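**Student:** OK, TrEMBL features for this one:
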- B:7-222: domain 'Radical SAM core' (DOMAIN)
- B:21, B:25, B:28: [4Fe-4S] cluster binding site (BINDING)
Ligand code: SF4
Ligand code: SF4
């Protein structure tokens, strides 16, 4: 069983019924799903904020580079793929 | 591990708005004494509870029951919660979720709907539910999809429907469900009462697990399948509710707040939202601090390396089986009371040819 890999031309956005918000109590961004809460670190939040269903994975990596300098592609793809596999993200691709 | 001075804030609030229900499921976890819960909190009470919950750090609000749609003020409560940024999840039998009601809840900002199904076809489903309801559930599930909500189906598995798990999954696929939760029965409330008729055999479970594993593989990325293993057949218990007073709180129709939905009978002083703030209840009430962390544990848990993993299992199950809430969950094979679970399991595996789907179920009353 191999994991799913998001194509670099794919345009990720939050899955249906998934919401991201800043949580004042914990001082962190969180992803909220019906049965799960994912507390995000700063990098995760920065990546997910770019997942608007318009930007491709390539665009997202480029935008992250502007913000943070060196960003390894595989890490971003790996992170997005993991979230897509759990259906926290859906990937538009056409 | 010692108890932190101020506990971590809760993630979720389970609001059991009413125990009234048009269905009469024999596996219902609502308390047996349902008549004692008629004095329900009013709209303003719930709006205050929800507001206090958000201030305390709650992120998810689960609206449940009974049947929450029987509360005419459901959309008002949803609107308040949604305005505070809470993620709102409706847990419903779907009876009463007509198009008008659904649209009203959608406008109020409801994020997610979970529809319960009792089986994949009307005869068995209606028998388990104690009420003709299957066709209306299917129609309501379609309405959920049409409004663009994600659709989660909840199916409680037991001796009388577990052999049909493949057909249940096919029905979910047909409905275009995003997610299905197949949860083996937890023996609380009415389910405890009906345990003999509900507890599946080892063979039934093994077969269901094979089916579920294959379906997970086949439907990966399309429909999420969550399978909750039955406690009675597990080697170790689950950390109930993620730990007592650790992640979730439950408020019942009359305003009692509890760390677990099965804690009604525990001999602990009541903590009611009519008498104290939710913050006090969470941080300081005896109800929530009684079994928080690991300090309360007796042996074998106290000296066990898994004590921080499963936290000694479920207090309510320990109480139901032994009459003492401080004992190790008898589901654990290390528990001195494990024979209580073993004898129930033995009975479920004795040769009871023909009984698999025919033992009588005692339906819960509607209110
Ligand atoms: S009777 Fe059935 S639908 Fe109603 S609350 Fe109980 S389990 Fe849920
Ligand atoms: S003895 Fe207690 S802590 Fe150890 S596995 Fe059993 S329930 Fe968990």
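Cβ coordinates are placed from backbone N, Cα and C, and glycine is handled just like the others.
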**Student:** Please give me the CB contact count at 10 A for residue B:28 ([4Fe-4S] cluster binding site), counting all chains in the structure.
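**Tutor:** Cβ-Cβ neighbours of residue B:28 ([4Fe-4S] cluster binding site) within 10 Å number 26.
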**Student:** Please give me the CB contact count at 10 A for residue B:25 ([4Fe-4S] cluster binding site), counting all chains in the structure.
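**Tutor:** Taking all protein chains shown, residue B:25 ([4Fe-4S] cluster binding site) has 23 Cβ neighbours within 10 Å.
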**Student:** Which chain neighbours of the [4Fe-4S] cluster site, leaving out B:21, B:25, B:28, have a Cβ atom within 8 Å of the mean position of the site's Cβ atoms?
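**Tutor:** Other same-chain residues near the [4Fe-4S] cluster site: B:23, B:24, B:27, B:30, B:66, B:93, B:129, B:130, B:190, B:364.
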**Student:** What is the pLDDT of the domain 'Radical SAM core' (B:7-222) when averaged and given as a whole number?
**Tutor:** 93
**Student:** Under DSSP, is residue B:21 ([4Fe-4S] cluster binding site) helix, strand or coil?
**Tutor:** coil
